[in-house]
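Database features (Swiss-Prot):
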| type | residues | note |
| --- | --- | --- |
| BINDING | D16, K37, 64-73, T128, R190, Q199, 219-220 | substrate binding site |
| ACT_SITE | K66 | active site, proton donor |
Amino acid sequence: MNKRFNSEDKIILAIDGLDVSQAKLLLEKCPDIKWVKIGLELFVREGPRVIEILKGLNKKIFLDLKFHDIPNTMRAACFQVSKLGVDIISIHSSAGLKALKESKKASLEGAKSLGVKPPFVVGITVLTSFSLQDFQTDLDRNNSIEENVLRLAKLSFDAGLDGCVCSPWEVKMLRNIYKNNFELITPGIRLNIDSKDDQNRIMTPNEAIDNGASKLVIGRSISKAIDPNKALIEIFKSIESD
């Protein structure tokens, strides 16, 4: 079996829905987890201290707050967030080119002001909770999800962002366009034995990696498993072999 890459760099554990003590316990059970995603629920509940706690455990942090506002507000928010020492932050690509450019610029300025490494800034394209029917009913009846993802990914790339977030269904399409110069972070990952919960456009870890995903965001498949570390190891094995 040939190992294609360091699998620890490919998996981001989503700890949304957990409190700090539960998250720490889960990470103790899964010592090989390198990346952790903090979402809105946990950040609103615990505030920036949760970042300090996880950084104290030597974890890399994807702060997934999905900023979406006018350019000045997004700029100010990204300036402040970048000073927290996180590794990736997310913003909505649909905020527009000016807001995306301002956000990226502010993230560099905020990090520089404290002498910390600037975070990657990634653009959210179309949420994985949308099915095609729901998307066209609620948001855009004239264009497909793929057409919108293409447009929003290009907007992110043109703004100088470091990557985008898309479902595994669109990864191969985007990887063929952007090659290896653009991070493609992929939620909507489920094992064959899992229920899809509130996700619609889903794939297995190995399928998503084979399609060109840079990193996979995985939550319940690990956190809700009877043996979380065993589930993690199985995921590592599935994506490591060629």
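Just so you know, the numbers here start at 1 and follow the chain as drawn.
Cβ from N, Cα, C; glycine included.
Taking the features listed in Swiss-Prot, we show where each one sits on the structure.
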{"residue": "D16", "record": "substrate binding site", "CB count, 10 Å": "17"}
{"residue": "L65", "record": "substrate binding site", "CB count, 10 Å": "17"}
{"residue": "K66", "record": "active site, proton donor", "CB count, 10 Å": "16"}
{"residue": "H68", "record": "substrate binding site", "CB count, 10 Å": "16"}
{"residue": "P71", "record": "substrate binding site", "CB count, 10 Å": "17"}
{"residue": "T128", "record": "substrate binding site", "CB count, 10 Å": "23"}
{"residue": "G219", "record": "substrate binding site", "CB count, 10 Å": "20"}
Where H68 (substrate binding site) falls in three-state DSSP terms: coil
DSSP three-state assignment for D16 (substrate binding site): coil
